[in-house]
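See below for the structure under consideration.
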Amino acid sequence: MASLVNNAYAALRTSKLELREVKNLANFRVGPPSSLSCNNFKKVSSSPITCKAVSLSPPSTIEGLNIAEDVSQLIGKTPMVYLNNVSKGSVANIAAKLESMEPCCSVKDRIGYSMIDDAEQKGVITPGKTTLVEPTSGNTGIGLAFIAAARGYKITLTMPASMSMERRVILKAFGAELVLTDPAKGMKGAVEKAEEILKKTPDSYMLQQFDNPANPKIHYETTGPEIWEDTKGKVDIFVAGIGTGGTISGVGRYLKERNPGVQVIGIEPTESNILSGGKPGPHKIQGLGAGFVPSNLDLGVMDEVIEVSSEEAVEMAKQLAMKEGLLVGISSGAAAAAAVRIGKRPENAGKLIAVVFPSFGERYLSSILFQSIREECENMKPE
């Protein structure tokens, strides 16, 4: 079902939505293209029915039907749900925004669309000609790859080898070329490799998710308004992980414009806590803690940064599946752990905390998140 109602996506709807005028009902064709069209079906006499060959091009879109014109129109308007069982001890209400329910199962679907669309509108990329190049921890790459596939772009992605196997498979399934980089170098190594590929690839363009204003812009125009609308403006605290900085910066700015009293709290891995004065380092919370401060991160919009360890994030992600029925990724576990910690503060009694769950758990089956379950399943024998 087409779910986008925000103005940011209005440009997607083109004149193709207008049903061409039907001058002769006998020639009107609906449904999948066919090689033959009978134009005398109205006749009831014994006269023979004559048929004519028609074009195999798709028929015009039928106006008024609740059908998305293409996959990009499925992005956004994700639901929110209260956390009831992992939030024991919290004096605040905690509601999660399930970005795991995007068409490609992560919040990065939004920026995959927005960055490609923005570059097209600026005339700097062309379908069938431009090769897109981008460093990714996986989810942004997937968000870019499915839009690139739908619009006819070649795409080359660089990714630390420490990211989950599911990410590799999904990216290849969308036709992306994937280059793995040294995991010890983190995202910085992936960025350096992408820049190297960019220089030697003709007609290539890097979308630069860490620096591209179209990243926080789409969250300001869509994710923020969605949270405000779904909470009817009653959100008191917004919690999100810090990766590219796009989600927390865009949503945080929108919410603070609507209500300056809204608190915006970011999350970073304890093992790579550069925003808290620490040093970059390896960690297990895929998608967070890039090891540097992205240009897209608006430090001024955040009221606080909370550290969550990889161990705590993994454990909470497991609890979300077992106790809430929400199969989400490790960064969602980190977000939930931080939200519950904030919710236990006495001063937050009765407040509403909105937290973003960035991705679906099925993308992490080969990771540490499900290691024990995976080993158990591998050792199962038929009875």
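For all residues, glycine too, the Cβ spot is worked out from N, Cα and C.
Here Swiss-Prot flags ASN139, GLY243, THR244, GLY245, GLY246, THR247, SER331 as pyridoxal 5'-phosphate binding site, drawing on similarity to another entry. Look at Swiss-Prot and you will find LYS108 tagged as N6-(pyridoxal phosphate)lysine. The transit peptide annotation in Swiss-Prot covers 1-52.
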- Task: In three-state terms from DSSP, label THR247 (pyridoxal 5'-phosphate binding site) for me.
- Result: helix
- Note on the structure: Near pyridoxal 5'-phosphate: residues not in ASN139, GLY243, THR244, GLY245, GLY246, THR247, SER331 with Cβ within 8 Å of the site Cβ centroid are VAL107, LYS108, THR140, ALA240, GLY241, ILE242, ILE248, GLY287, LEU288, PRO358
- Message: Quiz question: given the binding-site residues GLY243, GLY245, GLY246, which has the greatest number of C-beta atoms lying within 10 angstroms of its own C-beta?
- Response: GLY246
- Query: Max Cα distance spanning ASN139, GLY243, THR244, GLY245, GLY246, THR247, SER331 (pyridoxal 5'-phosphate binders), Å?
  - Reply: 15
- Message: Tell me the Cα distance separating LYS108 (N6-(pyridoxal phosphate)lysine) from ASN139 (pyridoxal 5'-phosphate binding site), rounded to the nearest angstrom.
- Response: 6
